[in-house]
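Q: Below you will find the structure I want to go over with you.
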Amino acid sequence: MTCLILWYLWLISTFQLEFATASTANTTTTAKSGTSSSTEEPFPVLAVGKDGRGNYYVNSTFGTPGQRQRLLVDIIQPYINLVSGTSESHNEYSGVYHKHPSYLMNDSTSSVPVSPGQIYEISFIDGRAVNCTLVTDDMNFTNVSSENSSTALITDLMVTRDNVQFNSGSLSISNVSFFDIQSSNFKTSGLLGLSGKVTNPGNAIDSSQYTEQSYFLSLLKDADIIESSSYSLWLAGDTSTYKTYRDPISNCGKLLLGGVDPSLFTGTLGKFDLIPYVDPVSNAVSVGYPIVPLGPIYIVSNSGQSLNMTSKDFLSPALLDSTSSVSYLPTSTIIQIAVQIAATYVESLDRWLVQCSIADMGVSLGFRLRELTIEIPLRDLLSSTYDTSTNSSMFFSSGQEACFLTLYANTNTGVNILGEAFIKNIYMAMDLEDNTIAIAQAKKVEDDAVTEETNETTASTIIKKIKSGYIPYAKVMNSSNTRNLTLYPSYRSGYMFTVPGQLTAAYSNGVITGAGRSFYDTSRASTSARPSSTQFDSFSVSASEEWSNSTNRTSSASGAGVRLSSPYTFNKDPAGHVTRIASLLLLSIFSILIVL
């Protein structure tokens with residue numbers, strides 16, 4: 001009898017311990033979750049504007065006293081560049097764009113020249129080139145907001161760490177090294193480089209020869225303002241059309257430093273390893289450029305009907321470029337697109353032209369990146385033919401106004417480049433330490449989640465830190481095919497290869513004359529997405545059939561963080577808890593049998 005009583009006392013104490021363990025584990029996890037959310041530090045967000053030339057920029061000042069500067073958002077090189085106000089840059093043939101403020105080193109009491117007299121000749125991956133000197137000075141971003149994990153704006157903030165000061169309205173960094181452009185082969189203002197570091201020994205662009213002071217994101221990481229050298233970019237506030245392209249927009253985007261804001265994109269955020277770039281001269285390999293695996297390209301009607309403009313298995317590296325107003329694709333792809341939208345090629349202009357009215361027909365191009373499809377409205381690929389010197393535009397012989405198609409053959413660059421039209425329609429995040437990029441369809445400004453402020457916060461809407469090797473909310477989309485890709489530029493011929501005669505036209509006295517094609521050519525009975533079977537396969541851009549390849553339209557990702565619960569909590573009834581209780585019951589029965 002005594003043994004039986006002792007057994008019951010042991011059994012009761014065991015169950016009490018079991019409940020206590022479960023309760024304690026659950027409370028600890030919840031407390032950690034709450035603490036993490038409440039102590040999340042704010043993220044610096046730079047407001048992005050657009051100037052009258054279509055360039056995306058952030059406002060800043062340099063020097064003491066501060067000299068106002070516009071820095072173009074440049075995701076394909078890693079350095080800060082300013083336009084010098086002295087020396088050769090005053091020459092009208094130097095290529096430097098003087099409508100933006102220039103930097104006067106001698107007017108700044110905090111400026112320090114690095115290696116005085118040395119000229120650095122730097123050539124960028126897209127063909128731009130600058131001659132410049134290296135200078136160290138203080139910089140300050142003047143249009144900055146502070147946002148935390150609850151997506152709330154912070155109005156009373158002051159963070160000072162090392163040489164960085166971050167508060168509501170500004171982000172100041174002292175002793176920043178940058179290139180002072182003396183001359184260039186393109187018109188430019190300052191540049192804010194955001195790419196990874198470049199490997200090219202013996203070349204001025206090689207990053208190993210410069211200190212960490214030369215890298216904007218590295219400076220922020222070293223000061224613990226951001227956790228890793230990373231950023232995300234949203235430019236979908238740019239709602240300009242070919243008619244309003246040159247109208248400046250003071251605030252049309254966000255450059256979020258060190259974090260991801262899920263309220264700025266829709267659908268899946270696809271994550272890719274950056275594709276290596278091989279320098280065609282030195283064969284040096286760099287892995288910090290935003291180069292992605294571009295798959296098939298579709299033209300999509302306003303009802304969702306689509307046609308493949310490439311081939312079923314098309315796969316080629318493509319460079320994302322925020323500074324390019326045009327995109328470069330394979331000649332054959334551009335010809336296929338031209339067939340579908342009745343565009344004509346004018347050799348004397350080396351441009352494709354199309355009736356501007358197609359901008360109102362709801363046509364788009366679908367760019368496939370693995371399982372992800374990014375849709376770019378065709379209206380974003382049009383530019384006006386208006387000439388300010390003649391105060392006139394081009395017209396077709398039918399009387400329809402003509403627009404330029406902002407697509408060029410990649411024979412001009414040697415690489416595929418997805419420019420402004422693509423960038424403004426995506427949300428992108430870069431982890432420069434892990435050499436990865438994440439891309440999603442950008443949420444437009446008319447979407448409620450972007451235009452309306454809310455105090456409600458859920459796990460799938462909070463801003464989260466990018467950590468080395470981790471981009472929040474992203475789904476990995478690599479494959480064995482994409483892992484083997486490298487970008488090795490081909491020969492730049494500088495001209496469009498043979499264009500079929502029926503797609504060409506002549507231009508004279510403001511009028512474009514040529515055969516052209518009808519917008520409503522419906523020569524195919526079925527128009528589901530598939531590779532084009534003939535050179536002139538076509539369909540109606542106002543067709544009514546649904547697009548069969550609409551995966552990204554319906555896909556979604558909550559992005560909610562996963563909390564690992566205790567395996568012994570009772571409200572969830574997990575398998576671990578059930579197994580343990582069953583073991584206790586079996587032990588109890590065995591004990592009773594022994595006592596009896």
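Cβ coordinates come from backbone N, Cα and C, glycine included.
As annotated by Swiss-Prot, active site applies to Asp74, Asp321, with the evidence given as similarity to another entry. The domain 'Peptidase A1' annotation in Swiss-Prot covers 56-440. Residues or ranges marked as N-linked glycosylation site in Swiss-Prot (evidence: sequence analysis): Asn26, Asn106, Asn131, Asn143, Asn148, Asn175, Asn308, Asn391, Asn455, Asn478, Asn484, Asn549 (among others). If you look up Swiss-Prot, you'll see 26-575 marked as topological domain 'Lumenal', on the strength of sequence analysis.
Describe each of these features in terms of where it is and what it packs against.
A: Secondary structure at Asp74 (active site), taken from DSSP and collapsed to helix, strand or coil, is strand.
All protein chains shown were included, and the count of other CB atoms within 10 Å of the CB of Asp321 (active site) stands at 26.
Within its own chain, Asn106 (N-linked glycosylation site) has Thr86 as residues 6 or more apart in sequence whose C-beta sits under 8 angstroms from its own.
DSSP gives Asn131 (N-linked glycosylation site) a strand state.
Just so you know, the Cβ of Asn143 (N-linked glycosylation site) picks up 17 other Cβ atoms within 10 Å once every protein chain is counted.
For Asn148 (N-linked glycosylation site), other Cβ atoms within 10 Å of its Cβ number 20.
Taking a C-beta cut-off of under 8 angstroms and a sequence separation of 6 or more, Asn175 (N-linked glycosylation site) has the following same-chain neighbours: Thr136, Asp137, Asp138, Asn163, Gln213.
With a 10 A radius on its CB, Asn308 (N-linked glycosylation site) counts 23 other CB atoms from all the protein chains.
Around the Cβ of Asn391 (N-linked glycosylation site), a 10 Å sphere holds 7 further Cβ atoms from the protein chains shown.
Classification of Asn478 (N-linked glycosylation site) by DSSP places it in coil, neither helical nor stranded.
The number of other CB atoms found within 10 A of the CB of Asn484 (N-linked glycosylation site), across every protein chain shown, is 9.
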Q: Going by C-alpha distance, which of the recorded positions Asp74, Asn131, Asn308, Asn478 is nearest to Asn143 (N-linked glycosylation site)?
A: Asp74
Q: Specify the nearest of the recorded positions Asp74, Asn148, Asn308, Asn391 to Asp321 (active site), where nearness means the distance between Cα atoms.
A: Asp74
Q: With DSSP assignments reduced to helix, strand and coil, which class does Asn106 (N-linked glycosylation site) get?
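A: Reduced to three states, the DSSP call for Asn106 (N-linked glycosylation site) is helix.
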Q: Considering only the recorded positions Asp74, Asn308, Asn478, which residue has the minimal Cα-Cα separation from Asn131 (N-linked glycosylation site)?
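A: Nearest listed residue in space: Asp74.
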Q: For a quick check of understanding: among the glycosylation sites Asn131, Asn478, which residue's Cβ has the most other Cβ atoms within 10 Å?
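A: Of Asn131, Asn478, the one with the most crowded Cβ is Asn131.
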Q: Tell me the Cβ contacts of Asp74 (active site) under 8 Å, same chain only and six or more apart in sequence, or just say none.
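A: When sequence neighbours closer than 6 are ignored, Asp74 (active site) has Leu191, Leu192, Gly193, Leu194, Ser195, Ser322, Thr323 within Cβ distance under 8 Å.
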Q: Whole-number Å distance between the CA of Asn391 (N-linked glycosylation site) and the CA of Asn308 (N-linked glycosylation site)?
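A: Roughly 39 Å, rounded to the nearest whole number.
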